[in-house]
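Data block below; observations after.
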Amino acid sequence: MPSYLVTVATGNQWFAGTDDYIYFTLVGLAGTSERHLLDKPFYNDFERGATDTYEVTVTEDLGEIQLIKIEKRKYWFPDDWYLKYITVKTPVGDYLEFPCYRWITDEKEVVFRDGRAKLFDDEKTQILKYQRRKELE
C-alpha cells in the first residue's frame, strides 16, 4: 500500500498551537484518500513552533497529488491554530509543499493547493479548476 510522509509546521506566534483534532486528506488525479487523524500516541502534537511528521498509508494509488484537505475539530475548548505549511513526500520520493501561513479557526475543512503560482487558465485538471472557482467566489 502506498505511504506518504506528511510534515506539519505550526507557527511560532503566541497561542499558535492547538490541542484540537486535526484530520488530513489527500486528493489525487486517480482518487481521494480516507480522512486520517494526525496524532501520535502519548505526544503533544501541533505545539507552538513545532514541526511534526506523520506517515499516512492509503489503500490505493491516488495518482499525482492535486490538493490536500485539513479539517480541525474541537477537542475541549475552541482553539485556533496557526498553520505555517504542510509538506508531503510521495511514495516515489517527490516533495510537495502546501503553504498556509494563516490561522485555522472554527471547525471547518480547509483545502490547499501546492505552492506553485499559476493563473486560472494555466490549471490543467478539472479538480484544480473547480477548486480555483470556489476560491474566487
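Count begins at 1; order follows the chain as displayed.
In case you wondered, yes, glycine gets a Cβ from its N, Cα and C as well.
What TrEMBL records for 2-118 is domain 'PLAT'.
If you look up TrEMBL, you'll see Gly17, Asp79, Asp80 marked as Ca(2+) 1 binding site. In sequence order, Thr10, Phe46, Glu47, Arg48, Ala50, Trp81 make up the list of same-chain residues 6 or more apart from Gly17 (Ca(2+) 1 binding site) whose Cβ falls under 8 Å from its Cβ.
What TrEMBL records for Asp39 is Ca(2+) 2 binding site. Around Asp39 (Ca(2+) 2 binding site), the C-beta neighbours below 8 angstroms that are at least 6 residues distant in the chain are Tyr21, Ile22, Asp45.
Remark: Trp103 (site 'Essential for stabilizing binding to COTL1') has Asp80, Trp81, Tyr82, Leu83 as non-local neighbours, by Cβ distance under 8 Å and separation of at least 6 in sequence. Sequence annotations record features per position, and here TrEMBL assigns site 'Essential for stabilizing binding to COTL1' to Trp103.
When averaged over the domain 'PLAT' (2-118), pLDDT in the model lands at 94. Counting residues of the domain 'PLAT' (2-118) by DSSP class, helix then strand then coil, yields 0 helix, 60 strand, 57 coil.
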